[in-house]
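**Q** Attaching a single structure in structure tokens format; questions to follow.
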Amino acid sequence: GFFQSDAVEVDLKDGANATCLYANWMMKFLITYETNSSDYKNTTLNLPSNVTHDGSVCGSDTQAALLAVQFGEGHSWSVNFTKTNETYQADFVTFTYNTNDTTLFPDAKRKGPVTIVVKDTMQPVQLNNVFVCHNTDFLDAESVTQIFWNVTVQAFVQNGTIGKKESRCHADTPTAAPTVPPTVANVTTASTTTASPAPTTAPKPVENPETGNYSLKSGNKTCLLANVGLQLNVSQDKPLLININPKTTRADGACGNTTATLKLNDGNSTLIGF
């Protein structure tokens, strides 16, 4: 739930040394692979601090723009952008991981590069606008989950100047707060007297998490069920307890013949994968 990947920034220049493609984002990959003993293991590929962007292309009216990065032991990721007279949008995402990286893929049955291509879900963005998405988004394909967050990108930058207007993703769009009926706990009453300072009390302990019912469907049939209360206990700078609220948590994932993945996302960059 707490991502440790490094941020990536690419400021691609054209022949006149003007910015033509800009991107700043964070991403990581959850990969399921087969071992020599024919069982399946999960591994997490985080982005290191040293990332190159060889092969990236500015793009033009007749040529797609390409954002391409390389990292680690033979891994790479890219996305191409196409444009119309008024908009641009991401087209396809290509991710290649190398199972010869024995640190990430010990005892992998399949050796060498494995390439996954998936259609991007980014909506069209007005030219001269910057696409921004702080919330977590992910793409699933062939036993790989690609996770993205804190994304800022603009393709086909005009006159070398990053746009001032933002186009936000749907997940970043604020929703109206739910109406909370008054209870004894949240009703306040006016007082005509001056209140004395409240005594200092110990912090209220975090309550047990509420139980949620999460399910996945394969076609019209339910293929995975989970009935569980979840609490994260994180010890970084200081201990932190977080209850996962099933009322605001979205369940996603996939069921396969030999593996199933359940992902829970509360819309605040907290993602738990089973």
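For all residues, glycine too, the Cβ spot is worked out from N, Cα and C.
Here's the feature list from TrEMBL:
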- 15-156: domain 'Lysosome-associated membrane glycoprotein 2-like luminal' (DOMAIN)
- C133-C169: disulfide bond (DISULFID)
- 189-203: compositional bias 'Low complexity' (COMPBIAS)
- 189-213: region 'Disordered' (REGION)
- 209-271: domain 'Lysosome-associated membrane glycoprotein 2-like luminal' (DOMAIN)
**Q** Counting only residues 6+ apart in the same chain, whose Cβ is under 8 Å from the Cβ of C133 (disulfide bond)?
**A** F148, W149, V151, R168, C169, A171, D172
**Q** Going by DSSP assignments with H, G and I as helix and E and B as strand, what are the residue counts for the domain 'Lysosome-associated membrane glycoprotein 2-like luminal' (209-271)?
**A** 0 helix, 38 strand, 25 coil
